[in-house]
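What TrEMBL says about this protein:
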type     : residues  : note
TRANSMEM : A:12-30   : transmembrane segment
TRANSMEM : A:36-57   : transmembrane segment
TRANSMEM : A:78-95   : transmembrane segment
TRANSMEM : A:115-131 : transmembrane segment
TRANSMEM : A:143-165 : transmembrane segment
TRANSMEM : A:185-205 : transmembrane segment
TRANSMEM : A:217-241 : transmembrane segment
TRANSMEM : A:270-294 : transmembrane segment
TRANSMEM : A:306-325 : transmembrane segment
TRANSMEM : A:337-357 : transmembrane segment
Amino acid sequence: MDTPKISIGQLFALIILFVFGTSIAVNYGLDAKKDAWLAILLGTFSGCLLFSLYSYLYRQYPTLTLTSYAQRIMGRPIGWVLGLVLVLYFIYDAARDVRDAGELLVTSVFDTTPIFVLNAVMLLAIAYVLYKGIEVLARLSEIFIVVIVGFGIVGSILVFASNIIDLNNLLPVLEFGWKPILTTTYPNTFIFPFGEMICFCMLFPHLNNPKLQMKTGLIAIIISGVVLSYTIAIDIAVLGADISSRSIFALLTMVSKVNIADFLQRLDPVALFTMLIVDFFKIALLYYAAVIGTAELFHVKPHRRLVMPVGAVIMIASMSISGSFNEHLLEGKLSISNYQVLVVIGIPLLLAAVHLIRKYAGKGNR
Amino acid sequence: MKPKPILLSWLLLSIVVLSGCWNSKELSHLAIVSAIGMDKLPGGSEYRISFQVINPSEISSGIQGGGGGRTTAVTVFADNGSTLFEVIRKITRKVPRELLFSHVKVLVIGEALARDGINDLFDTFERLHQTRLTTKVVIARNTSAEEILGVITPMEKIPADAIEGKLEFSSNLWSENLEYTIDDIIRALVSKGREPVISGVIVQGEIERGRKKSNVEMSRPDALIMVRGLAMFKDGKMVQWLDGDKARGVIKLLGKIKSSVEELDCGSKKDAVTVELTKSKTRIKTSMHNGKPLLEISIIEEGGLVDTKCALDLARMDELAMLEQRWSKRSAEVVTASIEAAQKQKSDIFGFGEALNRTNKLEWKRVQNDWNTLFAKGEIRVVVDSYIRNSGMRIKSFLQQS
């Protein structure tokens with residue numbers, strides 16, 4: 001089989017873009033109010049642990065994807081069902097992110113455009129990339145990581161230069177103690193986006209340098225987590241914890257305050273662009289994981305034949321997932337703390353446990 | 001290459017998508033709103049909301065020129081309704097175009113409405129994507145917002161630009177006002193440890209004649225919009241106007257002063273020395289002592305001497321030091337007077353409550369619910385350090401030679 005290859009740099013870029021996807025745009029972690037940035041750092045730390053678990057499983061089966069080694073570890077029927085659950089999760093999560101992107105556009109710019117059209121345009125673009133193969137997505141990430149870093153640096157300079165930051169908005173630290181931080185981190189800032197990185201388990205077999213997988217992944221997670229924490233802290237410092245936590249897209253509101261000499265202002269499109277780019281990669285990776293997973297479960301070859309059908313399912317799911325954006329957000333919170341926790345932590349833990357038992361019990365028998 | 005039909009379908013699809021016409025709004029069908037005014041209707045819960053709409057043909061500077069000079073640069077449309085959004089739609093019966101709110105510079109609130117409470121006004125501004133949080137807010141003093149919006153202003157064609165300019169430059173150079181935007185006010189309304197202050201605008205002269213274009217066709221306009229005073233709020237309701245030194249004291253305490261003018265006595269001559277304040281830094285700290293707050297303020301200010309009417313020998317350091325001391329004393333008095341005025345109304349417009357939360361969050365949690373009463377009893381301690389850094393292009397005054 002001619003497996004496409006992903007370089008370690010591309011993995012790095014993909015992880016960073018994936019972590020930023022939606023989380024950088026929304027009022028992420030703001031249940032912890034002024035201490036959201038702390039909750040994110042804590043989430044990042046926990047995310048590193050979770051990533052180590054994913055990496056451990058990968059090292060045991062360096063040539064297989066998650067859905068394949070699930071069957072290898074658990075045996076055909078149970079493993080297959082677990083694989084199906086994972087694929088459904090990928091589809092569900094991709095649909096959520098498509099909806100996020102669509103709602104972002106509807107609420108901020110295209111107020112009379114049907115969300116169906118916006119979602120469809122997004123998905124068609126991604127479907128085209130995936131149809132061309134994962135290598136295309138990986139190469140794309142190398143370009144867009146530069147764009148995003150550029151936006152980030154320029155945006156930061158502009159925010160600092162327009163003198164809208166009031167650090168008093170971040171004080172006092174730990175206003176309500178550790179409790180709100182912990183309840184926000186577990187499960188919110190932990191699962192979203194670090195738990196969602198389980199979709200990378202479908203990607204690892206394509207790495208051209210498996211030895212650096214874990215190190216690169218952890219560095220990428222830490223960098224993106226710190227940047228995320230910084231971004232949310234800036235949101236709070238500019239808008240205050242109250243306005244940030246009530247805004248759906250805090251970054252957009254924050255950037256709209258930038259004003260340099262009455263000349264550089266109304267930078268919302270830049271923020272919008274950033275959000276769309278990072279969301280694009282997040283959807284693409286989840287979408288890809290869903291396609292690969294389905295192909296392996298149902299033995300479809302080549303897997304690109306599934307790009308359109310899976311895309312159609314994601315499309316329909318993104319529309320039917322909820323009746324209003326408010327419901328969508330509430331459902332997100334509920335599903336993270338119930339269903340998503342089980343999938344992204346429960347299944348890998350189960351797999352690792354069974355794998356260990358089989359390894360040592362097997363040795364004992366011999 | 002095989003997948004020609006796919007390629008073709010992509011190209012066809014992109015025609016639909018890339019044209020981007022779905023949300024199109026033609027410029028010729030839009031009416032740009034430069035300012036919004038909100039007033040209370042006497043009796044009942046309805047508002048009277050007015051929109052200052054730009055007449056594009058009057059603004060475009062002359063090349064094509066067709067129709068220019070026919071009307072005033074802006075027209076004010078107003079209607080009644082119980083919410084802003086209702087009026088936005090209702091007003092279409094009077095305005096021949098669709099209103100566009102992306103460029104609203106100023107929100108004017110009538111004094112009567114401000115005294116009645118502003119808590120209910122800002123929700124729509126946050127929700128709609130066209131309106132911006134950076135819109136500046138002012139209170140129409142002694143008059144209605146609708147009247148303010150109707151005044152035609154000299155120098156700036158669009159009256160909202162004129163208000164914005166006056167607000168900006170008087171805040172930067174005179175410092176009895178604040179350029180507070182919608183989000184600043186929301187933050188203050190939400191916070192238990194702070195109350196908002198909003199700058200006032202008045203119409204000087206005859207409002208009736210200010211509405212006509214002829215108002216700007218004379219060298220001394222009949223009516224002029226002027227920025228004046230600070231409205232102090234309590235629980236979302238306006239309670240009092242602060243003027244002159246009291247207003248400046250508030251700005252100083254908020255640390256928003258950029259540049260200002262300070263008058264100092266010189267011997268027996270009152271206000272005989274003028275100092276241009278160029279830099280001022282304020283720190284506030286609140287702590288609780290025996291159930292009473294201690295409000296500590298430290299101010300460091302710098303400036304240069306720009307005018308003197310008395311024979312000062314500015315080459316001597318002790319003269320300068322004496323001036324600096326006098327300045328410090330005066331600033332302390334001004335600031336104290338401002339705090340006392342706010343204490344009288346039990347309204348913590350300075351954010352001393354927030355300062356307490358920053359230094360002692362546990363104590364704050366205990367006292368936050370009756371903070372305003374506690375604040376009124378607070379003990380004030382002001383320390384001011386003033387520095388006169390230069391005296392302009394001369395050292396001694398020519399008055400001293402004669």
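Positions of Cβ are set from backbone N, Cα and C atoms, glycine also.
Between the transmembrane segment (A:143-165) and the transmembrane segment (A:270-294), three or more CB pairs separated by 6 or more residues in sequence fall under 8 Å, so the two stretches touch. Only pairs six or more apart in sequence are counted, and the transmembrane segment (A:337-357) with the transmembrane segment (A:115-131) gives fewer than three Cβ pairs under 8 Å, not enough to call it a contact. Here the transmembrane segment (A:36-57) sits against the transmembrane segment (A:217-241); at least 3 CB pairs are under 8 Å, leaving out pairs fewer than 6 apart in sequence.
Scored by C-beta pairs under 8 angstroms, the transmembrane segment (A:306-325) has its highest count with A:115-131, from the stretches A:78-95, A:115-131, A:185-205, A:217-241. Panel annotation: around the transmembrane segment (A:12-30), residues 6, 36-37, 39-40, 43, 97, 100-101, 104, 137-138, 141-142, 144-145, 148, 184-185, 188-189, 192-194, 196-197, 200, 203, 216-217, 219-221, 223-225, 227-228, 231-232, 235-236, 241, 244-252, 271, 274-275, 277-283, 285 of the same chain, lying at least six beyond its termini, place a Cβ under 8 Å from a Cβ of the stretch. Only residues 6 or more beyond the boundaries of the transmembrane segment (A:217-241), in the same chain, are considered here, and those with a CB under 8 A from a CB of the stretch are 11-12, 15-16, 19-20, 23-24, 27-30, 33-34, 36-38, 40-41, 43-45, 47-48, 51-52, 55, 152, 156, 159, 164-167, 169-170, 194, 197, 200, 247, 250-251, 253-254, 257.
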